[in-house]
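Novice: Annotated domain 'EF-hand 1' per Swiss-Prot: 65-100, in sequence order. Annotation source Swiss-Prot lists Ca(2+) 1 binding site at D78, D80, D82, C84, E89, citing sequence analysis. For 101-136, the entry in Swiss-Prot reads domain 'EF-hand 2'. Residues or ranges marked as Ca(2+) 2 binding site in Swiss-Prot: D114, N116, D118, E125. The domain 'EF-hand 3' feature in Swiss-Prot is assigned to 146-181. The Ca(2+) 3 binding site annotation in Swiss-Prot covers D159, D161, D163, K165, D170.
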Amino acid sequence: MNRKKLQKLTDSLTKNCKHFSKFEVKCLINLFYNLVGEVTERQGVIIGLDRNAFRNILHMTFGMTDDMIMDRVFRGFDKDNDGCISVTEWVYGLSVFLRGTLEEKMKYCFEVFDLNGDSFISKEEMFHMLKNSLLKQPSEEDPDEGIKDLVEITLKKMDHDHDGKLSFADYEQAVREETLLLEAFGPCLPDPKSQSEFEAQVFKDPNEFNEV
């Protein structure tokens, strides 16, 4: 990307991205093109991170291990659903992922947990996500029973209108009362250590830029 184009992109992203400074946006753009590699920009060719490349970043950099959650995080970043994360989606996505307000993070986490995109988190969705995050005990005859119990306990705590599923309003109320419930169904945000390490590595003088 030529300097003029890069400057224009940096300015436009900085204007619309309240959590990053111009310098930080520039660093994230640099990192994006480092990760994508040398790709010639051509008409009709999408330059971006595909699902595997992005999941690799989530795993290696932010320690995520749950395939289902990583897949949903990818979809959360890939706003236009073209199967690829563009440089704009990368910067906007990281803005919430790394530095979002509680409101932004609640909206993001709810979208991640709403597996089928119907604006509710159903019992089935809770079951699938909690099943992945719990370790099975070899002695358990029916490990699913414990997960079903956990789903019922979670609903009791979070389902404020008692309709057997979680709307965003239910989820928001529960999280505002107890912020630990933000990632109730699995880690989909970076832990503080990964976040500070990532930022320390990326937000430095571009002249001494290394890949993360």
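Along the chain as shown, residues are numbered 1 onward.
Yeah, the Cβs are placed from backbone N, Cα and C, and that goes for glycine too.
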Novice: Give the three-state DSSP assignment (helix, strand or coil) for C84 (Ca(2+) 1 binding site).
Specialist: strand
Novice: Cβ under 8 Å to the domain 'EF-hand 1' (65-100), counting only same-chain residues 6 or more beyond its ends: which ones?
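Specialist: Counting only partners 6 or more residues beyond its ends, the domain 'EF-hand 1' (65-100) has Cβ contacts under 8 Å with 9, 13, 16-20, 25, 28-29, 32-33, 46-51, 54-55, 58-59, 108, 111-113, 115, 128-129, 132-133, 186-190, 195, 198-199.
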Novice: Could you check which of the binding-site residues (D78, D82, N116, E125) sits closest to K165 (Ca(2+) 3 binding site), going Cα to Cα?
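Specialist: Result: the closest of the binding-site residues to K165 (Ca(2+) 3 binding site) is E125.
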Novice: Pop the Cα-Cα gap between D161 (Ca(2+) 3 binding site) and D80 (Ca(2+) 1 binding site) into the table, whole Å please.
Specialist: 32
Novice: When you average the Cβ positions of D159, D161, D163, K165, D170 for the Ca(2+) 3 site, which other residues in that chain have a Cβ within 8 Å of that mean position?
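Specialist: The answer, listed by sequence position, is F120, L155, M158, H160, H162, G164, L166, S167.
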Novice: Return the residue, from the listed binding-site residues D82, E89, D118, D161, D163, with the maximum count of other C-beta atoms within 10 angstroms of its C-beta.
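Specialist: Checking each of D82, E89, D118, D161, D163, the winner is E89.
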